[in-house]
């Protein structure tokens, strides 16, 4: 199934957020009095003065602490052993650390707010106050754990240098911050294994919300959450009580810094683990798609209630505001280095939440300026980041720089299909209650859904290693992996549902590399095609599933993309995924392959898939899979592949037996003793059966060898015929499955006499009496005294079978290939011809009777007799009136073969002559038939009038001579040479009846009208014939050899060049899919809502001179009817589909009442030419003998 089209998300949080931001803005509340405003301003001024003094004292303490950090040599501890996932929690500082004095002083350092971004609709605002970063391990009983949100076992790419390297962070690469008041920040790396719960002591009244950050390898698609400072981009940690990764609030307790050795980060901030700043905030709000940027005068006091929101800033990723303000609050932080190689240090919260907001927006312009001065983006940056990580050796240690490499970003992944999800709100009404009156809206990540199990063993077996910018290692893959943008249409996936409110015990911190990135660059983009193809080889199933689904989406209707995927080798990778153990990967790989091999112009893709073992891989998946959707996709891919001539024989050799035994026989119900109603419903709606029969339909046109193998496949013919019988009994005449079965059987019925040994043994050369003629080549042998008749001993039963009684030569019920030519198959074919309104089914059924009735063997005669017995001749004649070129052509050829039987010839000449003549071009009504169809009608007329003077006279009385003369003389529209020769042949036959020449002369015709010299026909070859056909339409060689063989087009001198392949692919095989040549209407030959149009007309009196009258209009005026340009029937079918369950087919009304549907008059005497209503075929009550017309 193609991936759904990606659409934009409606941000549900915007209206509410905007309202909150406005409601908290200064002066926005109309009921605020001047007295209240003045009091608030004074209170804020006093607070600002107090904070200024505190910060100044703290600056001095920080400077002394910095000096101690530089001089002190730090040794590795247990916290600095290997860890694939590091988190730097915010540390609360209002609980005194042992041995550390914490005076509250003023700080004059201006903070820089960093906007962290994970996706286009989301942003995260962190307070920039910096403190020491520690990650500790403690007992689970006395601590809260940070939350791991949707941990994956397949959530990222591994760096070239593995992070399981047991390196210790012992390099104190400290460097003085260019601004005063900067402090040291410590990164402590614990030995906690990946996926292990991070345990921290909790402290009451201190909370930090961490919901989102830049996407890391561990991020789940449901919640793109921050991993803190996660050097290896490992998985997020899931908190207890927050099973679905809900944002959580954690109380934190200060850790004993002496228990851990730490390496000092180069960029020093205004806080230290030994001098905690009391004014640092303890809550960071994730504001979803709403990015809150507070700006104010950096030098002036901040009013108590003032929160100015900057919307549309380059740092603001969405145009919505949120309210994060409360009275009596301020914020102080350290400034950030204004240089391109900006060192990103995780931000820490201080002890006081009261100063979180007000100073947060004081220096918003300064952080904008910082990003303006950053270096240009690297060409291989994954999300357009601007920081140069290779140049950070002066700020970060080797391992830390390796850890924060930006290329650890991957596409959001999930197990399952391509889902798109809107704004997600957790059960606690989408807001986070902070201290005081502060609230913050948050929204979790909206890309992808689902959890996968994560194992640390998979981290060291990654396929693609990328540049380690810190270690300057060579990359095995130069192109960056960029995240694929997936969104869901509705938030209905069960794994998004929360079972409880958010946990309030986990601490979070932003990742180091996320702080260094320019938020303006955090825009999701569609991945490039080479990236998607490389993701097919990723070790994680969800990445592979997403990549395959995205390829399916890209290939839909785009042949250029299909060819590019083939050029880049994507077909091989998709075929490899067919043997994947994950069901979703199998589905998406099949869907992508189905689109890649759809269409006439994708033969190279089909051949490439065959060459890489795609057909055996599909069959393995079909045999082992029990999932209905997978089986449908597999058979759909095979259906599309079967339209390529170069692949057909490979499918027959490798897949024919498997398709028959695993799909055709079980789904048809042929081997079931009982056929209940439930199986009928399953049978009629089985898409797997539809796809498989469509594949067999294409394969049956691959030539003689293909037909032989399919006929000899056990159970195939029986099952196909059983499907037709079942559908006839359930009145399911127009389904695609029936159409495919009928067309397959038509191809398998071709050249039975010559290709099937059983047919030759069952009775060749025994048809003289049945054909009503003598065949000198068969019944006499030359001798010196002339030809001597053979003496044959025949029982009376073997002489003929007229459709009554047991069939000679068949004493048992037929099985297998014998059922193809058994006369019992005539009845279901005629039922479909009488009841179906699907032109493809009608053409296939008529073509089957055409093939079965051709030939010089007794079963062809039996078929002709069976058609007469089952009253099938009127059914065929009615279809001549149909407004469908290919159906008329097939029916005319079938009638021509039926006329080989003497009694059939009499009936056709008596009751069908007018229909045949009226389909000839000329007269007042324009002809919409192709040259091939007109030639087929002329051949039928020739056969009907041969050796039957009454029929020749009926043709003259019907006005046929005038139309035939117009064709041969080139009057009106020019006809092709084939049509001219066929018409000349009929006229020549009519002139042979000497008794009728007087009638011809009375009507104004002479010999010149009937005899066209061969030289004239040859000259016509060089004339300009605009409508000269180039189609290799030929009659069956068997048809050419029976009856009045002069009616065969081959004897008319109609020879057209054709290759050896054309000889093995006869004209009856119109069933190979040609993919892109199909249009919305399956049958372009008819532009009417219903392709069936049968007119009625009265028979003029015999005494009238019908030759001098204008012919009655054959068709009523219909402005919607268009001229057929080459009606294609089965060359376009089946449709190699791309959409699931999508087979654009024309729906036709049920045709049970022929008087209303086809406009037949309601009279009771059918002998009065064509003016009666034929009795219902399904009533099966036909009066008269087997030779009667009705």
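Just so you know, glycine gets a Cβ as well, placed from its N, Cα and C.
Per-residue confidence over the coiled coil (36-63) averages 89 (mean pLDDT, predicted model). Under the heading coiled coil, Swiss-Prot lists 36-63.
Marked as compositional bias 'Polar residues' by Swiss-Prot: 77-86 (among others).
As annotated by Swiss-Prot, compositional bias 'Polar residues' applies to 138-156 (among others).
Positions annotated as compositional bias 'Polar residues' by Swiss-Prot: 163-203 (among others).
Annotation source Swiss-Prot lists compositional bias 'Polar residues' at 213-229 (among others).
Positions annotated as compositional bias 'Low complexity' by Swiss-Prot: 230-241 (among others).
For 247-266 (among others), the entry in Swiss-Prot reads compositional bias 'Polar residues'.
If you look up Swiss-Prot, you'll see 289-323 (among others) marked as compositional bias 'Polar residues'.
Under the heading compositional bias 'Low complexity', Swiss-Prot lists 324-337 (among others).
Taken from Swiss-Prot, the feature compositional bias 'Basic and acidic residues' applies to 772-781.
Here Swiss-Prot flags 84 (among others) as phosphothreonine, drawing on a large-scale study or a structure entry.
Taken from Swiss-Prot, the feature phosphoserine applies to 220 (among others), supported by a large-scale study or a structure entry.
The phosphoserine annotation in Swiss-Prot covers 280 (among others).
Residues or ranges marked as phosphoserine in Swiss-Prot: 313 (among others).
Taken from Swiss-Prot, the feature phosphoserine covers 326 (among others).
The phosphoserine annotation in Swiss-Prot covers 336 (among others).
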Reduced to three DSSP states, the repeat 'ARM 2' (559-598) has 31 helix, 0 strand, 9 coil
The number of other Cβ atoms within 10 Å of the Cβ of residue 1012 (phosphothreonine), counted over all protein chains shown, is 20
Residues in the repeat 'ARM 4' (861-900) per DSSP class, helix first, strand next, coil last, are 31 helix, 0 strand, 9 coil
